[in-house]
């Protein structure tokens, strides 16, 4: 009997240790995974990915978003409609992302293709952020120029690290998925941290102080440029580089003339352009309206961090439940749900939630999680579709071009939202017509379902392009083009998170 009790006690101890062992085992596997990547790809590359995706893009995204909102509201004293338009202008450097890709691929500086562009992007970011942080009473035009320069610095560094990831994916094909996982993990964790601490930092040191903090990630990009391992290119033929520019432009134009390519491109642009952005109108109402919730800076940051979690849930939901469903079906339902999610703002502005005893913060947090999840579910099929529209030989540059078309759509949405706020006289102190703006935005979000015929109805796992556009090139052409930038899906998704 005593022996049975002893066995039972040992079994209980074993069961009690199991959860701890699993957690320790999970942590241990992550360290082994990082060790494997470091051994195979060198510590400098792994560190560069963590710094660029995790800190310079992920964490900086959260800090800059909240910091810029308060800077425009409190320092520049802008109206909501003006701030909405200017947010679109700040993102202009991302519209020309293919240009940065072509430059880093075809135009070496001092014999190097990657290192100088890291240093250039970091230097631009440091100067821009310090200028915003140090100067008092900065003129609006110069402030916008600095914010655009900071965005350009991040975009240049982004396209350069994309190229490095692609090069290593070619030389280490068995580790390609691991590299994408490292990029995605770094970016997601960085964003969550950035949004979580953004409100506290704005409260403690102000929006201009946050810009000073943002010069640190930009400075780390310069460090990445110094420690990046890259072979020196001798006898650079700059005339040949201009020819490559011309060849790439002709190839992209030929691809866009294909019906299977331009039809989805039109849908992606219209779908994004009609999803009008009125974030600044809602932000001003959250913080300034007399009858509004008067959220603190910390609460605004926490709302954004919950939205980032919702986006991650959207990715996981698509990956595990919808990735094999036809594009049209997924886009139809997500577009309808996306329009319906916008009506939650109407509940807030009309104060209906308070009549049922539901606090504003609970409604806003729930809305942030749900709307970002639906927005990501709507975005993921478009990303997958974009990857299938890229012809052989110019995959990377053409994907960047498609992302630029999408950014133009988001720019249109931002300016359209600003015009709508202005047309209905939504100001810093006047929010009577904000509910009309919300209703119009929600209706416009649903309209793209009527042009879903532009999207292929075929199996999402099947090829979309004609066979002749998928044929590989000759071996020498492949060798020449293997350094072309191929933007990972995750970086494009993360940038889109800023505008959803």
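Using the three backbone atoms N, Cα and C, a Cβ is placed for every residue, glycine included.
Where the annotation comes from TrEMBL, it is an automatic prediction and has not been curated.
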Stated TrEMBL location of transmembrane segment, expressed as one of 79-98, 239-258, 299-318, 359-378: 299-318
Residues flagged as transmembrane segment in TrEMBL, choosing from 434-455, 456-477: 434-455
Which listed span TrEMBL calls transmembrane segment, if the choices are 99-116, 117-134: 117-134
Residues flagged as transmembrane segment in TrEMBL, choosing from 18-40, 41-63: 41-63
Chain residues outside the transmembrane segment (117-134) and at least six past its termini with a C-beta under 8 angstroms from it: 56, 71, 100, 103-104, 109, 142-143, 146-147, 149-150, 152-157, 160-161, 208-209, 211-212, 214-215, 217-226, 228
Residues from the same chain, set at least six apart from the ends of the transmembrane segment (266-287), whose C-beta lies under 8 A from its own: 69, 72-73, 80-81, 83-84, 87-88, 293-295, 300, 331, 335, 338, 345, 349, 364, 378, 382, 385-386, 402, 405-406, 408-410, 412-414, 416-418, 420-421, 426, 428, 431, 434, 437-438, 440-441, 444-445, 447-448, 451-452, 454-455, 499
Candidates 140-161, 182-204, 299-318; stretch with most C-beta pairs under 8 Å toward the transmembrane segment (41-63): 182-204
Cβ contacts the transmembrane segment (140-161)/the transmembrane segment (299-318), at least three under 8 Å, sequence gap 6 or more: no
Seg_contact(the transmembrane segment (398-422), the transmembrane segment (299-318)) with at least 3 CB pairs under 8 angstroms, min sep 6: no
Residues from the same chain, set at least six apart from the ends of the transmembrane segment (182-204), whose C-beta lies under 8 A from its own: 37, 46, 49-50, 53-55, 57-63, 65-67, 70, 165, 210, 213, 296-302, 304-305, 307-309, 312, 488, 490-491, 494, 497
